[in-house]
Structures are given as structure tokens and as C-alpha cells.
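Some notes on the structure that comes next.
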Amino acid sequence: MGGNPHNSSELPPFTLTGFSGLGTSQHYVFLLLGTLYTVSIVGNALILFIIKEEQSLHQPMYYFLSLLSVNDLGVSFSTLPTVLATFCFHLQKISFDFCMAQMFFIHLFSFIESGILLVMSFDRYVAICNPLRYATVLTGACVVCMGMAVIIRSFCMVFPLPFLLKRLPFCKANVLSHAYCLHPDLIRLPCGDITVNNIYGQFIVICNFGLDSALILLSYVLILRSVLAIASWEERRKTLNTCVSHLCAVLMFYVPMVGVSMVARYGRHAPQYVHTLMSLIYLFVPPMLNPIIYSIKTKEIRRRLCKILLGTKF
């Protein structure tokens, strides 16, 4: 694995290995990924179309859902080029700049998704704990500002990552473990001092995912306290039911992310396919399941979807 160090001016290429550790099962994994891509792209596109066309869905909660769908499409399209190149055309070489760009967008959309889930939890908090102020608090301007704040914050946090990597010398074979570029995978390759990279990586993870998850938890503690103050069990059930879709989206995002972190930190001696499968679940499952969950739990979306797919009149 050793070799001459490459400085940033030489921009060494990287080699994509598909899904190492899965052997002949890679073909089945690619078929599975094809299904996930299809469901994710079609499902999120339908969500956007339905929210645009259905006037009753022109509300803050569904504007945030639209942003989540756009972000999920971004996640899918960020990984799609190299996955197709690796499995369909057997093109395993990827340039340094393209790899840095792909890494940037994958992590950017991941950070944005965390922020969107946070503002959606704020939406649920206001709707349940302060329903009379909902229309005055979550105005159109407020929704736009919150969405822009999430995007700008995520961009500022992820932007330094490619430059921190580019300054390092590379002296290994530059073989990646996946069919796409991820920062935890790339950070193993430089032969220089990566202390700054590690510190900054941990800093942005804590500031983004750690803070967001803590605030989401706090919002649901306040929501639960407000719900428990309702005398009627039926009213409690109806109120909590409005949070089910968002809770599922939160769990689908954070549970795989925690799993990936735990495996990376404590499962270094685990088989490679464990790391591969965890990254697959983290990157591909939430964009596919989010539109399905919201289609099932939202009556207006479900009705319009049935009308589109089945031609049923409601």
C-alpha cells in the first residue's frame, strides 16, 4: 500500500471498489440499489408534484416536507453517477476533484437533512403547544428564512472539508471502500498529519448532528408534556398521530447514522461487509422510505397519489 507521496498539485485519482466484502453478492446489491433509487426518485418527485398541485397542502409543514424531498433527491443524485459508472460501465477510476465534489455534496445533503428534521420538529412544537399562534409564528417569510438558514449553516460547515484533504500528501494506493466518496473513507488515505481533519470533523458532527438531535429531543419532551395535559385519550392519540411521520423520519435518519459511527469507532475488526451495509442503509434507505411514510400517513397526499396512480376519483 505504500508509495511515493502525491502533493495536492498532482491530484491523484482514486479507485472505487464497489461494495467490497460482498463478493458475488454485489450483483444482487446493485439490483437492490436500482430499486431503492427508483422508489426514492419517483416517490420524492411525486411528493413535490402533489404538494405543488394540492392547495390544501400549501402549509408550513408541507413546505418543509418539500424541502426534505428535494434534499432526498439530492442525496440520490449525488451517489448515482459513480454507482452507475462502477457497476454498469466498470469505470473504477475517479479524479481527485470529482471525488472531492461528490464527498462535499453527499455530506452537505446529510447535514441539510438534519437541519430540516430540526425545523420540522419546531413546526410540530408550535402546532401542538401554541396552536393559536401557529399562523403568526410560521409565516411564509419565516419558513423561507428557516430553510435558508439550514442550507447556509450546512454549506459553511462542509465547505472546508475538501480543502483540508487537498492540502495533505497521499502516498497509499488511494483505494476507496465504496462506489462513492465519503469523508471517513478518504481520511484513511493521506500519509500526513490528519489531526486537524479529525478535530474539525468531530467538531462539525457535534455542532450539527449533536445539537440538532438534542433540540429535536427537547421539542418532543415539550410536545409530550403538552399532550399529557389533554384530558381526553382520543384527543391525545389524534395529536400524537400528527407527529408519527416526522418521528419515523428522525429515527430513520439518526439510527443508521449512529450505527455507522459506532461501527467505524468500535468495529474496526468487523468484516468489511458490515461497514458497507451500514453505509448503504444510511445513504439509501431514508430517501426511499420518507416519501412512503408521508404518503401513508397524510390523507391528502394519499388521496392525490391514488388518483394519479389508479385514476380513482375522490
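From the backbone N, Cα and C atoms, a Cβ is placed for every residue, glycine too.
Those TrEMBL annotations? Automatic predictions, nothing curated.
As given in TrEMBL:
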type     : residues : note
TRANSMEM : 28-51    : transmembrane segment
DOMAIN   : 43-294   : domain 'G-protein coupled receptors family 1 profile'
TRANSMEM : 63-84    : transmembrane segment
TRANSMEM : 104-122  : transmembrane segment
TRANSMEM : 134-160  : transmembrane segment
TRANSMEM : 199-223  : transmembrane segment
TRANSMEM : 244-267  : transmembrane segment
TRANSMEM : 273-294  : transmembrane segment
Quick check for me: are there 3+ Cβ pairs below 8 Å between the transmembrane segment (134-160) and the transmembrane segment (63-84), leaving out pairs under 6 residues apart?
yes
Per-residue pLDDT averaged over the domain 'G-protein coupled receptors family 1 profile' (43-294) comes to what?
89
Can you name the far-off residues of the same chain, 6+ from the ends of the transmembrane segment (28-51), with a Cβ under 8 Å from a Cβ of it?
19, 22, 57-58, 62-63, 65-66, 69-70, 72-73, 76, 80, 83, 87, 280, 284-285, 287-288, 290-292, 294-295, 300-301, 304-305, 308
If we skip the immediate neighbours and take only residues 6+ beyond the ends of the transmembrane segment (199-223), which ones have a Cβ under 8 Å from one of its Cβ atoms?
111, 114-115, 117-118, 121-122, 124-125, 128-129, 153-154, 157-158, 160-161, 164, 183, 187, 243, 247, 250, 254, 257
Using a Cβ cut-off under 8 Å, which residues of the same chain at least 6 positions beyond either end of the transmembrane segment (104-122) come close to it?
61, 64-65, 67-68, 71-72, 74-75, 78-79, 146-147, 149-151, 153-155, 157-159, 161-162, 180-183, 204, 208-209, 212-213, 215-216, 219-220, 246, 249-250, 253, 257, 283, 286
